[in-house]
Structures are given as C-alpha cells and as structure tokens.
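Note sheet for the following structure.
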Amino acid sequence: MESCCFEPQWPADELLMKYQYISDFFIALAYFSIPLELIYFVKKSAVFPYRWVLVQFGAFIVLCGATHLINLWTFTMHTRTVEIVMTIAKGMTAAVSCATALMLVHIIPDLLSVKTRELFLKNKAAELDREMGLIRTQEETGRHVRMLTHEIRSTLDRHTILRTTLVELGRTLALEECALWMPTRTGLELQLSYTLRQQNPVGYTVPIQLPVINKVFSSNRAVKISPNCPVARLRPLAGKYIPGEVVAVRVPLLHLSNFQINDWPELSTKRYALMVLMLPSDSARQWHVHELELVEVVADQVAVALSHAAILEESMRARDLLIEQNFALDRARREAETAISARNDFLAVMNHEMRIPMHAIIALSSLLQETELTPEQRLMVETILKSSNLLATLINDVLDLSRLEDGSLKLDLGTFNVHAIFKEVLNLIKPIASVKKLLLTLNLAPDLPEYAIGDEKRLMQTILNVVGNAVKFTKEGSISITAFVTKSESLRDSRASDFYPMPSDNHFYLRVQVKDSGSGINPQDVPKLFTKFAQTQSSATRNSGGSGLGLAICKRFVNLMEGQIWIESEGLGKGCTAIFIVKLGIPEHSNESKHSFMPKGPPSRGQTTFPGVKVLVMDDNGVSRMVTRGLLVHLRCNVTAVSSSDECLRVVSQDHKVVFMDVLMPDGFEVAVRIREKFTNCHERPFIVALTGNTDKLTKETCMRVGLDGVILKPISVEKMRTVLSNIVEHRRLFEVM
C-alpha cells in the first residue's frame, strides 16, 4: 500500500532570509529602546539603590542588540532545516523583545510611584536626622558659647577671664590640655602664661617669628598644627604615647597707646595672644567642624572681654592718676591758701604794729614842725617827716600788692568828680614840684565828663604814683598832665597788644598822659618797670630812691579797671611819657556827686584850731593815746583820754563833739554800738570816728555796719587831724581819710 505523507509547505529560501532580516531589525530596535527606558527610570528614581546593576544590564542589552544588527550584514546560506529553526527563533525573540519594550513603557511609571517614593522618604528621613543632629550640635555649641561668654563677661579682671576660658573650654571639649601664650613687653616672644593642667612651668618663652605662629596669626580661623611644634609641647615627654590632634587660634589684644577719659582709646599695632588646644592622647578622636567653630567664637569673645578689661584697667589707672594729681593739687592749694593766709595775717599784724610807732613819729614830728625851730632843726624835722611818709607809703604799697596778688582786693565803685581828682593831685604834688622848681601843668579836655562811676581811691592812687614818679626823676624842666576821653578809633594801641577795649554807651575810656623832661629810660629797661621790686640801673634812678613797687601796683590797679598802662621814652636824658587808659562808667544823672567821701587834700579854707571842742579819745596803747591827745591839744581841743571801754562808756556825754576810738581793741565795735544806743537822738550823739592801723576792707565794712561816722588810718599828722576836725565841725560829714 502506498502510504500518503503530508509535508508542510515552507516558504522559499529567499522568503526565510527576509523574515530573518526583519526579525533581527526588530530585535535590535527593541534592545536599543530598553536601555533608554532604563536610563529614564534611573533619572526619575533619584534614590534607586542599585544603579550600577541597571548600568550593567543596559550595557548587556545594547551589546545583544548590536549583535543582531551586525547579523544583517553577515547572513550565510544554511541547510533548510537550520534556516527554518533560525527564522522561528528570531521571530519569537523579536516578538518577546518588542513586547518587553512596550511593557516597560507602562511599568516604569508604576515603579516610580511605588518603590521610588518609599526609598525617597527613607533617604529624606535619614537626611533630616543628620540635619537635626547638626542643629542639636549647633545648639549645644551655642549653649556652651553662651555659658562661657557669661562666665568671662561676669568679671573684668584679665587673669580671671583667661583662667575661666581655659577651664570652661577644657570641660566643654574634654581637652587633655589647653594653654595661652601671651606676648612679652618687647613683642619679640610669646610667653606661656596660663595652662589648664599646669604640667608645664609658666614663663617658658618661644620666638614670635616661628613659621607656625605666623601661620596662626595670619588666619582668623582655628588652625591645626603639629603636636611636635614648640607651642604644642604642653605635656612632658614620659613613655610612648600618641599625642592628640592640636589646634591653635589667635586672640586679638587691645593695646592702648593714648588712653584719655571721655574719649576713644587709640590702638597701636595689632598684637595677638595664642590659644593652643590639645585633644586627649592615645585616642582616635578628631576635631569636628562645630568644635573648631566653638573655639573660634570663644577666641573672639575672649578678645572682646580682654578689650573691656584693658579699657577698664586704663581708665582705673587714669582715675587713680587723676585722683593722685587732684590730691596733690588740693594739697598744694591748701598749702598755698595757708601760706597766703599766714602772709596776710603777718602783713595785717605788721601793718597795725608798724603804724602805731609811725603814728607817734609823724604826729610828734608834725607837732614839732609847728614850733619855733632853727633852719637846721626844721630841715631835720622835715627830713624825718619825709622819711616817715615814705615808709608809710611803702607799707601801703606792700599791703596793696599782697591783696592784688591773692585777688582779695576788689574795686570800690561809686560816683565821683573826675575833675576834682586831678585838681587834688595837682594840689598835692605842687609843693614838691615847687621845691625842685618844676613847671607842673594840667590839661583837661573840654569833653571830659565831670562825674564818672569807678574806684575813686584807686584811680587817684594810680595818678599820684605816675605823677610822683615823674616829679621824682625830673631834676629840671616841666611835667604836663593831660586827660581826655579816648575815641573808639584810637582805643587800640600797637604798644598795648593785649588790650581789647569794648566801647559802649554805658562807659567811656579815660586816657591820662604824664609827660616829663626828666632823665628818661633806656628802651631795654622799659619792660622791667612794671615788675615788682625792679629798678633801672641808671644813676638817676638809684639816687632817687623808691621801692620799685609803685608802677607794679599801678599796672595791677589799671588791669582791675579794665585798662592798660605803658611808658614811652626815646632814651636816657630825653624824658619819658607814662600813658594809661582806664574804663569808667557814665552815671545816670551827670550832676550826681559823691558826698560820702570827703576831700583828701588839705582844705583851702577852714579853721586852723578848734578851741572849746570837746573830744574823747579811747585807745589801749599808751603811746598812741598820748600822741593822738597831743595832736588834739595842739589844735586847742578839750581832750579826755581813756584806756578802756568801760571808762569810755562812763565818761562819754552829749557834750562831746567827737569820739576817737581804736576799734581794734577787744570790744571796740561793741563800744561804738553801745554809744549809739545810749544817745537815741542823733543831734545829741557825738561823732564816732575809728582810729585804726588796719586797712582791710572787712574793717571798713564792719565800721559802716555798726554805725561809725568815719575811719581814719594811722599814722596821723597835724594836718590830717586838722582836716578831719574841719570836716566834722564845719560840714558834719566824714567817712574815710587815708
């Protein structure tokens, strides 16, 4: 029997080749697309843990795809069975590869949304833990910094600050050793000043120019240094051990070069201290970033605290120096005040004690002068009087100068007659000038006010001194006195460079010029004229005598009156001109006169004697009492002399015209008050006049306060007593007679 066999119909060989071509192309296309999808997955899944596996898998697939791509150009003819098997295999591979590539397109987004999110959250949680740990570390560091800052800021003592810093750093960072190197005074070395464990002797020094020191000083950060460098050898070498890590940081120091109170201190060239910190040895511990930051912050805080301490130390040093200087100044001031007070007390006592014998000499000499004397005797008496008056003037000058220098002399301002002062000076000087046959002239400008406000006594004393000097140093010729109101344009004078007048409607400047034809002055001696006790070296000056105080006192009086004084001379033998300017006030009523002061010169018309005038004299000094009584008896007064206050109060009656009393007696002022109380009717009360050798202002003010009618300064001549009695009897007015 013929068997029937069915054979499948396969494509022809050429068609099988085309199928293999198509299958290889799609296999290569699928293989190349899968790595692209994996790259996309890896890129989107940033936290995928096995990226290197995917990279290997991607490389494998790419290579497989490349193999199939190469097969397109390397086909060879095989047996039909082989070709059929290859065609089927490649077709199935192409289908599976394309299906896998298409499936990955849908699967990858799902993988990214599930596994990737979980891994992302885990990674984020781990990162958050690390950040929280860092924050906790920073908070801990900040807490330690605050604690340490509080500790070092709680004191301003430099040693306490540095010692506390080392202790707190050692405790906070668990250090094996911590040390501070301070610059020496020379600035050329660093000295080991403080250590935590005190294993090294304090005082050890190293050169400041070491490279490791320069490296640390040039950086504002903590710098790791070798444990074997000189500044890091903080513990003695004993046995074998591995030193811990060492860091060093600079500490800026405030160096005050010109500290002043209430001002910012000046900084000199920057200087640094060196802080060295060592971790425990034989351990694997290393410095962490937050620990280094802590060290840097602490170094800055220590620098601030040290700067405050330095400023405090300098301010305390300046305060102590100021206190010491103030104490020395106060001691010097008290000593000066004591010396001035002792000098014034001495001068006051000497003034009073010297005036009592001077009173006797002048009074008795003036009494003797009015008796019948031979020419030779009269010359002797006149010489005694002249010398005594000169001595009295010298006493006045010394007292005035003393009060001027200690500032106790004040101007006694009041309204006075300006013209009368110049005429009075002229009357006083004329007798002396006539003896020397000198022509004395007075020129008062028409616009010179008749009345002014000022110190009449000091102005008259100044004019008398200047004119008296002119008469003294002029042997022959003339002396002219000129007074006028200086105009505003001529107030400033090149020879008075330190004089700054201020014109106004309430005052004027009086200019007085005294020109003489005397011996003149050497120009180089002019500056010496206003120095106390100074005299020029010319023979005329030496022969004329004098104390050298007159012009010195005049200059001080003029300065008190806000003026200026100077002298002009072309040289010896050519005369000189003394010029001074003083400031005087203008009274509200130009016709107002000063009636509280009597004229200082002798009266032109008045009684020469006073017969029947009852006078009471109270003085506890027997010589002074006898002399005063003699003057009054010579003037034909009816005199009663007593030596005590009780006797005075018992004897005084309304019949007495005048009571002369020494107010410097123990109860002198009290007697004056009781006399005024005894006679309530002012017309029945006697005229009470103080006799005193004390010229201070307090005595005069006390006399005015207790109600005395006048003050007479010893010594007293017959002429002065005659003037006093004339004013009392004829005008019933008196206050002060010098």
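Along the chain as shown, the residues are counted starting at 1.
Glycine residues also receive a Cβ, built from the backbone N, Cα and C atoms like all the rest.
Remember, TrEMBL labels are computer predictions, not curated facts.
The structure displayed is predicted, hence computed values, not measured ones.
Residues or ranges marked as transmembrane segment by TrEMBL: 21-42 (among others).
For 54-75 (among others), the entry in TrEMBL reads transmembrane segment.
The annotation Cu cation binding site is assigned in TrEMBL to Cys64, His68.
The transmembrane segment annotation in TrEMBL covers 87-108 (among others).
Mean per-residue pLDDT, taken over the domain 'Histidine kinase' (349-588), amounts to 78. Under the heading domain 'Histidine kinase', TrEMBL lists 349-588.
Around the Cβ of Ala470 (ADP binding site), the number of neighbouring Cβ atoms within 10 Å comes to 26. For Asn469, Ala470, Val471, Lys472, Asp516, Lys532, Ser547, Leu551, the entry in TrEMBL reads ADP binding site.
The domain 'Response regulatory' annotation in TrEMBL covers 614-729.
Under a cutoff of 8 A between CB atoms, and with a sequence separation of 6+ in the same chain, the neighbours of Lys714 (ubiquitin cross-link) are Arg355, Ile356, Met358, His359, Ser624, Leu691, Thr692, Gly693. Annotated ubiquitin cross-link per TrEMBL: Lys714, in sequence order.
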Among all the protein chains here, how many other CB atoms are within 10 A of the CB of Cys64 (Cu cation binding site)?
18
Do you know which of the binding-site residues Val471, Lys472, Asp516, Leu551 has the most other C-beta atoms within 10 angstroms of its C-beta?
Asp516
List, in sequence order, the same-chain residues at least six positions removed whose CB sits under 8 Å from that of Asn469 (ADP binding site)?
Gly550, Leu551, Ala578
